[in-house]
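Under the heading active site, proton donor, TrEMBL lists Glu163. Per TrEMBL, the feature active site, nucleophile maps to Glu320. The annotation substrate binding site is assigned in TrEMBL to Arg124, Asn162, Trp328. Feature annotation from TrEMBL assigns Zn(2+) binding site to Cys128. What TrEMBL records for 27-395 is domain 'Glycoside hydrolase family 42 N-terminal'. Marked as domain 'Beta-galactosidase trimerisation' by TrEMBL: 408-629. Under the heading domain 'Beta-galactosidase C-terminal', TrEMBL lists 637-694.
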Amino acid sequence: MRPGHDRTPVHAPGWLPGVGAVSYGGDYNPEQWPEEVWAEDVALMRDAGVNLVSIGIFSWGLLEPSEGVYDFGWLDRVIELLHANGIRVDLGTPTASPPAWFFDAYPHTRVVSRDGTVLGFGSRGLVCPSSAEYRRAATAIATQLARRYGRHPALALWHVHNEYGVPVSEDYSATSAAAFRTWLQERYGSLDALNAVWGTAFWGQVYRSWDHVGVPALAPSVVNPAHRLDFARFTDDALLACFVAERDAIRAESPGIPITTNFMAGACHSTDLWRWAAEVDVVSNDHYLTAADPRGHVGLAMAADLTRSFAGGKPWILMEHSTSGVNWQERNVAKRPGEMARNALSHLGRGADAILFFQWRASRSGAEKFHSAMLPHAGTGSRVFREVRELGAGLAGLDEVLGSRVEADVAILWDQQSFWAQDLEWRPSVDARHRERVDAFYDRLWRDGITVDFAHPEHDLSRYKLVLAPASYLLTARAAENLTAYVAQGGTLLTSFFSGIVDEHDRVHTGPHLSVLRDALGVTVEEFLPLRAGERVHVALAPETGAEVPDEGHEGTQPPAPVVADVWADDLTLAGAEVVGTYTDGPAAGRPAITRHRHGAGTGWYLSTRPDADGLARVLRRVYRDAGVTPAGLPEDVEVVRRRGAEADFVVVANHTDKPVDLGLSGVDLLTGETAEPGRGALTVAGGGVRVVRTPRA
Ligand code: GAL
């Protein structure tokens, strides 16, 4: 066994009891294999440095062969085997995959999709989250597991369910419809109030009986967006209530053991993870690269930053990622040598204190047999297994990184409820996509080597020098006040187009668009001017005053090249802001495109169009200057992120290029022990390589 896992017991609230090293392992599904394979599994786990495995996640049908009849024998033996070998257990509750008998007994708990299709058995994750029978059965199996194993010394963590919200979240069954009505009654009290906030006078949708209020199933035309938005909230609440019910049942039987459920930060649209993070003891996340994207490591970094932000900056668990290709994308590109370690350590650099995979041993049968694993079909002689062992050995040297924190000066606003609203039909342009804007802003900050947190628009933002709002379509009055106060108190805010448009019921804020941010931004929108597909506009930037480095579009004595943009323009009305960029063509030719406004001690920027990547870089450089934020000046595709410990900093450098880089790094590489004294050589990072360097506190 890899030493260290229990060496320095850490009992900090919220972290895994008795764990003083980086956790390493993955989902372990021994029930898919004859028992004689288990001993080999555990021996190989020890060889690979595995010290934590997630078990039982999909085993309801094995643990409870018929309702109320339990068979824990095999799980007892698995847990004892792991315990005897010093491997800690993350015990799953199997409630993401109810057994066949459950659907046979309670057929009305099957999920009905928006078009009315009743979804069948033979997969996983297909149950109505509002069904009383499901909640009762799920809580019962969770209670049984907690009673039996809740005080077992091998137990480090509870893993409730699996990825709430996928593969389906919204359920349009009669059971959900009844629960939705109750939810609405609790929220609004009266039909009058419901009719008012949903604006049902429009198209004469007015309700005069609660019995008439249904789920927003497919209808002849667009369904009332406020109705759909509330159904998204109801669904999230129903899923969260399932989690809370299991959590509370476990807590009663298993004191002191933290409880989590694995999120899919940024990848699952039906869960508002700010709310979920408040309910778990420790945040955990699953992340898979988008194989079609050759720069998928940027999406990885964003998911990790999002997860850390949901965790409130505390360490979190990377519950799943892959050693190589997955099996559910269109083209499941295999990871190349070194990529797995770069991915794993990039998560660690962004705050993960546990590095786990799906899964330990590749499955022979079932839907995921072509998914990579720590122990692939090719066995122990494979490249993947060699790299798994190397990574395990490397992580064993990182005990001192545990608990250190990532600090960011910049935040990007992230509000799932705004995204739900913006994604509904009949918006001004299909090309105005919230996720595309968030990704574009994040990508620029990643390239500039600037570490980013995500924040909810109603959070305290005062610790950030710069706040970016790439897609804040739904902005409550409270959030608008918060952003305005943030600017007044000295912050720099950049707001992108189609933000601050509606309230929490998808009702347009009164007055010209952007009125809720008028004080902060010094501008309002008289009219949206969306562009045709492929249409481009140009924005001339005003000369910069006091800039040490001239705008990059400036060549020789020529005026700077205009910024090229598409998708959107606005007809703006200035309310005190200065004009930084002016449309030279398109529907707003001659009118302001980019504005800057001093408000109190801070500055509010507004960007009324979608600049291309180069244009966004140029605009952001000016915004950074206002905010006092400095780009790191890194070579392309080299990632650097810093964790701050009590006595030292830990700098993770991942080189996503195939050429070595020299960043003048000094310190000790904790993965290899290599050292470079300050001023005497440097730790270069090989092409495709990664280092975790201990340096004095910055
Ligand atoms: C995750 C899921 C795992 C496994 C994995 C690989 O989303 O939680 O159970 O399916 O994907 O496909």
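Including glycine, each Cβ sits where the backbone N, Cα and C put it.
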Query raised in the report: Can you list which of these recorded positions (Arg124, Cys128, Asn162, Glu163) have a Cβ closer than 6 Å to ligand 1?
Result: Asn162, Glu163
Query raised in the report: Within the domain 'Beta-galactosidase C-terminal' (637-694), how many residues are helix, strand or coil going by DSSP?
Result: 0 helix, 29 strand, 29 coil
Report task. Note down the number of other Cβ atoms within 10 Å of the Cβ of Arg124 (substrate binding site), including every protein chain shown. Result -> 18
Report task. Determine, for the substrate site, the additional residues of the same chain whose CB lies within 8 Å of the mean position of the CB atoms of Arg124, Asn162, Trp328; present them in sequence order. Result -> Phe58, Ala96, Gly125, Glu163, Val166, Pro167, Glu368
Report summary line: Filtered by Cβ under 8 Å and at least 6 apart in sequence, the residues in the chain of the residue listed as 'active site, proton donor' near it are Ala96, Gly125, Asn262, Phe263, Met264, Cys268, Asp286
Requested in this report: Check the residue listed as 'active site, nucleophile' against DSSP and tell me helix, strand or coil, would you?
Outcome: strand
Query raised in the report: Roughly how wide, in whole Å, is the group Arg124, Asn162, Trp328 that binds substrate, by largest Cα to Cα distance?
Result: 17
Query raised in the report: Whole-number Å distance between the CA of the residue listed as 'Zn(2+) binding site' and the CA of Asn162 (substrate binding site)?
Result: 15
Report summary line: On the domain 'Beta-galactosidase C-terminal' (637-694), the mean of the pLDDT values is 97
